[in-house]
Amino acid sequence: MTQYQKTLLTGLIVGSTFFAIKFLDSIMHFNKTVSRKIVHCSIGFVYCMCWTMFKTASKLDTFLVSMVPGFFIFYCLFFGSGGSRKYDVIGFVNLTTSNNAGELKKGTLYYAIVHVLITWVGFKQIHAIVAISALCFGDGFACLMGVGFGKKILGKLPWSSHKTWVGFFSFFIFSMLSFFVLVLVYSRLDDIMWLRFIRNPFVPIIMIVCAISETLISKYYDNLLIPVVAMALSFFLL
């Protein structure tokens, strides 16, 4: 399979993941927050898993695979700037919190941009695995669990009135879970010797710092801050 075919397959897998979530949503009737965060957790994780198809980290491979989140940048800019909704075959606009297409130029756009940058800087590197785990599973489950159970259990954080202890602990637990799964998958499928990182004491420290960062930043901008913090610390500590 050529690099171009692998890129196309990556796009198809990521797109199929999104449509599978939409289909599940049509059956389960999730509220918008749950739907958005399931997408948030899944898309980046699946995208990162698809990297195992590329056996090298050449400049061409890196550029080609980054076109997948690059497509979503174009998508967000087009519809966020007033593009006709009749062309929104993916249905991104319907996932915005207020059904306002302009929101696509905020959190969703930042999410796509960050995935392009992570690909360029850390394609098939442990630093990217750390960043995507923190951004997707960490931030995503922090919101899901925080909104669902945060006010009932443990309560709000003393330094952030709009964040909860449940969300904070969920960030750490699920980001670590994502990291372990991705490391195991890469070690098995891609022959990359990353198992030593599972026992690295700095990985949980990075995730805790990212969890704290998530509680301090305003809405939308967490999609930018979390991966930047994760990448910077992983380059320095791992």
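One-based numbering along the chain as shown.
Quick reminder: no glycine exception, Cβ is built from N, Cα and C everywhere.
Features as listed in TrEMBL:
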TRANSMEM  6-25  transmembrane segment
TRANSMEM  60-80  transmembrane segment
TRANSMEM  129-149  transmembrane segment
TRANSMEM  165-186  transmembrane segment
TRANSMEM  192-213  transmembrane segment
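Recorded stretches compared: 6-25, 60-80, 129-149, 192-213; the one with the most Cβ pairs under 8 Å to the transmembrane segment (165-186) is 129-149. Panel annotation: around the transmembrane segment (192-213), residues 124, 126, 129-130, 133-134, 138, 142, 168, 171-172, 175-176, 179-180, 183-184, 186, 222, 225-226, 229-230, 233-234, 237-238 of the same chain, lying at least six beyond its termini, place a Cβ under 8 Å from a Cβ of the stretch. Proximity of distant same-chain residues to the transmembrane segment (129-149), defined by a Cβ-Cβ separation under 8 Å and at least 6 residues beyond the stretch ends, is recorded for 33-34, 37-38, 40-45, 47-48, 111, 114-115, 118, 122, 163-164, 166-168, 170-179, 182-183, 186, 194, 203, 206-207, 210-211, 214, 222-223, 226-227, 229-231, 233-234, 238.
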